[in-house]
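Contents: one structure, followed by commentary.
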């Protein structure tokens, strides 16, 4: 394939250091994209700088210019051979030395350099002008491609862990019958007339050969600003048999991503700036995304035929795919062609200019008065796809945009074939052929879904979570008092807790599968609101028996999937990285705030002594949530993802446990410690709320106010504690300390009230309550009268809350560090199964252990559970064992290999 001179501008400058393997793949790719843009800019500025020559070109030019010098000397000296030899020998010597230095030391300084530009010898012999700027060098194309390939592989592994993605074709359907209005369908490449094999001589055009890619989806979206690299944010279809084992240069998925602005740019003053598009109220444009996949015939030719027997447009596509990302002029060889099939319909009222330019290819390159035109195609690629991005508002002339906007109202009446190709510029690159094409049948761009409305949808989800957890916090504190009124035993409470956990597991599995199918995320949220509202109405029934309360917990366990559904919706509505972390964090913050606020409101409502008040408010909140989600969130996409090929049988749970949590001693130790602490915590807390009511004779209102206070104190006592302590003491030491803190807190709670009355903190607390004028609050008065409640609220519970957060974060960090990155997802899934088992078994055992135990003695039973957990933690992390060296991470092993 012919290599154009300008494509070889000084791009291969210097090899850069490889990127840090720990760096995020998106950051690495962004860095490479910036380097590629700089290389493209260097190519565009080739007319302002002397082009660097390839080693072979340097030798050729050296020979040509040296021969010209000798010929000029021969003309000047005439037939005097002695004088000619004396003059020619220095020229030949300088030419030889300069050429050798240029080839051996590519970065050797020029012997002669003009002010700001290369001199004659710098231009001819040393092969290029090197600007005197204090800018860091950029990597050569070979190194850049290698680094980008590694980063793409890492990003692909990361994106594969994101299970919720947009499905191509969700916004525009494929035609069921030919010509179906508002649809797309495959086109035929022979409809396009392109340059023939002898076009450079006779200017004749012929119908195109068969296209290389076939369409499988089309999306038309409304946006105020363009969004490129969409395949990375989509769930691509599974590979077909002929798409396996394609060469690295040939992507199986081809995407054309075009953005049309919402209003034409002004004829004078230049196009709008990108930040102007992001402003509030900016006019919405259209994002048209065409999806193709490689045809079976193309894959067969690539795999079976030698390179010389390929069709010319396939060989040209290989050259373009390999080099267009960083070769500006080659990038500009990309052409689009639109052919209106019903242009002869006089009723359409199409302008005459459209008849003249119908089916004429348009070069995707910037305008230029002289010289070659640099391309405007934004290339985004991975091992699996190749995207062409075009921003029509910025990359095309204002006059072209004005003409295009006059045509948009006619678009719903048009049947249009669109195709894309790479321009053939030499005999070896002809005849031209269509790369990919499709037909659009009367598509109305104004019917496209609004992507910018997703911002409002994300706010709605946060608000729905806030109202949901507010309703939960109003009713849940009622349950211990209701169980106390019914005289429920500890065994029965343990059975209720286990039943709730079993219902959660069953509901999570069943509703999770339904939400991925016909039910959808929105349907899951609506079902959650209906189920929770019904269950909490049962709790507010004054004469509800124990069986009805158990039924309410079963219904809640089956239907309550608020956080799961909201997190899945946020994953669909946000981009991976900072945006997704921000909005998921807002969902979690809304849950915490609503829980604290709801307990305060619940305390006020419970002060009336009627359980129907908080229950009625909760049901009303769920009714409002139902209406909000129904109106604000659109229905789920009707299109479903293609089923993935089942290449291997499903892995059994036992096999997964052996491969992940039992694969090494370090991982097993972390899992055992986490399970032991979780089991002790769940077993000790099975009667916690009922224990608080009975030991300190609290009312429902007192319990609600105490819950609010505990939430505040728990947050304050553990704020940023884990990170600071981990940096100072290490995670294993913190886990041991947390397990010991749980035991100390349980033993302190078992101390009688007389023990705490001798504490000097009691008079100080009484003075502080009087100064704040809260000593008249019933629960505060009870705490001052019984110092054990005061110690529980101000010291014992904060210690337990801090230990819980420290142990959870430390064990999570140790777990992710011990498990290889390739097995993190499977290990987390296995750990979730084990934690669910703990949620079922621990309440049963706790209910049996606490059965018949007086409230004052229950902390001793809890201390027994925490003592067993401390023993398990010490067995997993012995305090005096020398720390073993950390196992090498998977990526480090690959790097060393």
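Numbering starts at 1 and runs along the chain as it is shown here.
Glycine too: its Cβ is placed from the backbone N, Cα and C atoms.
What TrEMBL records for 59-77 (among others) is transmembrane segment.
The transmembrane segment feature in TrEMBL is assigned to 83-104 (among others).
Residues or ranges marked as domain 'Major facilitator superfamily (MFS) profile' by TrEMBL: 457-881.
Residues or ranges marked as transmembrane segment in TrEMBL: 460-480 (among others).
The annotation transmembrane segment is assigned in TrEMBL to 492-512 (among others). Tertiary proximity for the transmembrane segment (492-512) is limited to same-chain residues at least six positions away from its ends with a CB under 8 Å from its CB atoms, namely 483, 519, 524, 527, 546, 549-550, 553-561, 564, 682, 686-687, 690, 836, 839-848, 850.
Per TrEMBL, the feature transmembrane segment maps to 524-544 (among others). Nonlocal intrachain contacts for the transmembrane segment (524-544), taken as residues 6+ away from its ends with a CB within less than 8 angstroms of a stretch CB, comprise 464, 468, 471-472, 475, 478-479, 482, 511, 514-515, 551-553, 555-556, 558-562, 564-566, 568-569, 610-612, 614-616, 618-619, 622-623, 625-626, 629-630, 633.
Residues or ranges marked as transmembrane segment in TrEMBL: 616-641 (among others).
Annotation source TrEMBL lists transmembrane segment at 734-755 (among others).
The feature transmembrane segment is assigned by TrEMBL to 789-812 (among others).
Annotation comment: TrEMBL describes 824-849 (among others) as transmembrane segment.
The transmembrane segment annotation in TrEMBL covers 861-880 (among others). Proximity of distant same-chain residues to the transmembrane segment (861-880), defined by a Cβ-Cβ separation under 8 Å and at least 6 residues beyond the stretch ends, is recorded for 669-670, 672-673, 676-677, 679-680, 683-684, 732-733, 735-736, 739-740, 742-743, 746-747, 749-750, 846, 849-850, 853.
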(request) Please figure out which one of 83-104, 460-480, 789-812 racks up the most CB pairs under 8 Å against the transmembrane segment (734-755). (result) 789-812
(request) Note the mean pLDDT of the domain 'Major facilitator superfamily (MFS) profile' (457-881), expressed as a whole number. (result) 77
